[in-house]
Amino acid sequence: MDSDENTHRFSSSIPRPNRANSNGRSLHDITVSANNNAAGTMMPPPGTISRKHVESIVTESAMQTRKTLVERGGETRKKTHLSHSASKSMSSRPLSALSTSTSSRPASAASRNAPHNQTSSSHGPSSRTRPSAHSIGRPQTSFGYSHSHRVASPRPVTSMSTRDDDSQDSVLGKRKVEAWDQDAKMEKMNAMCDLLLNRFQGTTNQSAGLKEAIELYKSRLQEVEEKNSQLSEHNITLRVDLDTTKSRLLTIENNLKDVSRDHEIAIDDLERQHRIDLDASRQEASKRIEELAAKHKEEMRELRSRFDNEIENERNGLRQELNQINTQTAIDLQRSQIEMENRDRDLRDIQAEVNQLMSDLDRERTLNKELQHNMVKNASNTMTLESSVSALKARIEFLESGNKEQSDAFARLDQQLRDALAETQATKDKLRKEETLRRKLHNQVQELKGNIRVFCRVRPLLNNEPVEDSARIEFPDSEADCKEISVLGPEEKSSLGSITTKTYAYSFDHVFGPSSQNTEVFEEISQLVQSALDGYNVCIFCYGQTGSGKTHTMSSEDGMIPCAVHQIYDTASALEEKGWHYTMQGNFVEVYNENLNDLLGKAEEFDKKKHEIRHDMQKCKTTITDITTVNLDSPARVESILRRAAMNRSVAATKANERSSRSHSVFILKLIGENRFTGEKSEGTLNLVDLAGSERLSHSKATGERLKETQSINRSLSCLGDVIGALGQGKEGGHIPYRNSKLTYLLQFSLGGNSKTLMFVMVSPRQEHLNETLTSLKFATKVHNTHIGTARKQTKMIRES
């Protein structure tokens, strides 16, 4: 349709003066537009391509309704043939494509700027400075078409040369348009004007799109600036908060430093006050101990002075009486020597015996310990004197047939001898009273020492034990009382990484070092053995870990059991002169896994026969059913039963490893004494206990049968500690947990208030046994701090029929 209109337009020959005046301006605009098209324009802003397409269609319809030059001139002329390529290009290409073709050609920024300024100055709406393509980043979706499908449009007709048309016309034989042909020029001018209008419309649309893009970017820039301001405000707020937090943190740190400083000052004040209070308590305790010691010394001094005064008075009285007897006897002997020369030897013998008796009495009164020996000599002298008196009586009867003077002399001599015998009998009675007094004073001394005492003994290193493996054990008062022991504990690492070593100090009634022998140990416990002879229940037991020397201390050849038996026999023999006669019975039992075994029974019945413990609460006696009781009439008999018990334990050791260290052995010695003169009877019991080794399960790693043994041992030892602790509370009628263990139930009357108890805590010197050593010493300290009530003597009077 465009080609038809153009054909009619070119056929008009009417001159157009109104258009001729503007040819120069239009040609100038066309030249500028062509230059801009050649240089290339920037891509349209987003949202303008679709609008440009619509406006180009409107423009094309408006051009179709416009009058042509033929209609204006009123004449019709022939269609003028343009060049084939130009007409075909104009007719086949829509006008909207002309407005969009300029945006598809790339160009440099320098080639665009100069023509752009000229175009903007001629058209007006594009007078604003357009942003460069680099400053406006449009998304791909803002264009009406995709870059990948873009096709380069051909150059407009106005920018093309007419040489191709001329050449085509010459080829086709058509005539050439002459330079003076005004109609053809006008037609070309009309076509150029139409093209220029179309481009102007496209430029206008492009300018509107650019304005919209500018407004869009301005809004976006405003949003970015608002966000930036918000972020700046937020950043300022955060900085203020950070500064506030820093100041608060600094304030808190300063407060924390102040609090720490105040806390350290308070701790220092508390430690200082604690040291002051501790020093005051120590001073008060020291003063109290000194007062008690002084009071004790004063009481002992009074008792000794009273005892010495009584002995001295009795000694003086005896001396006076003996001096009188000696004087009278000497006078009588002098008279009898004149009358009876044949009896001089007999009288001298009597005088010698009397002098010997006087010397014996003097020695007996000087020392209490020599009293028993003097009694033996006095008894022997009395027997000799009685025989001498009998001989003298016979001789007196023989001499009575002589003369009257001799009869009177013999009568006086007989009376003197009778007086001497009566004095001797009185002396024996006084000696018996002194023996009773000695027992009373001996018991008082034992009570002052405590009815429960704890001795500590450290065994020496064996030959196969290296010296460097020994623990650091010291004896601070080894040259004085030998009552303290200190052990250097294991190394401990603190939270700060420093390694410290703590020293543990303990105090007992007596401490025996590694160099002490069994004889030295027995000297300290011999007084308790004497208490058993006096009628008290005595219990001596050894406590400690395995391998600390318990069995050696108790059952070796010079151990406590053989030495105690020898002392009992020696003392019993000495007391026979005072009328005492003792019978001794022995039992040897074993407590293994809370079961009782008779070590003196038959080997085939070991671990098979069941034994029960029965108590007579009225008589305070303990009996064991089906137990073997052996009468001990000599020390050799005691040694034989010890060997027999050791043999039975060795047989049991084949069934359970190390049986001797996994069970408690109890040697029960019953002492029954009777005085034929006074009718007094005493019943004492001596229990010598060898406890099993105390071990921790974490250290021994015991399993199976050994685990059961260890649990049973630890349970019985714990029950022993509970019983001793309950006894130490001293509550009348309080519950004592004897029945919690067979061991404590067996030793009920030997641990209670009518008994005297001695505990040996045995210590191993090896470093690897240090933890068990400290545990044993702590248990011994607990026992040492326990005070049991006063022991009661079990005696009774026997009436003679």
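Backbone N, Cα and C define each Cβ position, glycine as well.
According to DSSP, Gln545 (ATP binding site) sits in a coil region rather than a helix or strand. Every protein chain considered, the tally of other Cβ atoms within 10 Å of the Cβ of Gln545 (ATP binding site) stands at 23. Here TrEMBL flags Gly544, Gln545, Thr546, Gly547, Ser548, Gly549, Lys550, Thr551 as ATP binding site.
The coiled coil annotation in TrEMBL covers 207-374 (among others).
The feature coiled coil is assigned by TrEMBL to 403-451 (among others). If you average pLDDT over the coiled coil (403-451) in this model, you get 68.
Marked as compositional bias 'Basic and acidic residues' by TrEMBL: 68-77.
Residues or ranges marked as domain 'Kinesin motor' in TrEMBL: 451-786.
When the binding-site residues Gly544, Gly547, Gly549 are compared by the number of other C-beta atoms lying within 10 angstroms of their own C-beta, Gly547 comes out lowest. Highest Cβ count within 10 Å among the binding-site residues Thr546, Ser548, Thr551: Ser548. In this structure, Lys550 (ATP binding site) is part of a helix by DSSP. Around Lys550 (ATP binding site), taking its Cβ as the centre, 27 other Cβ atoms fall within 10 Å, counting all chains.
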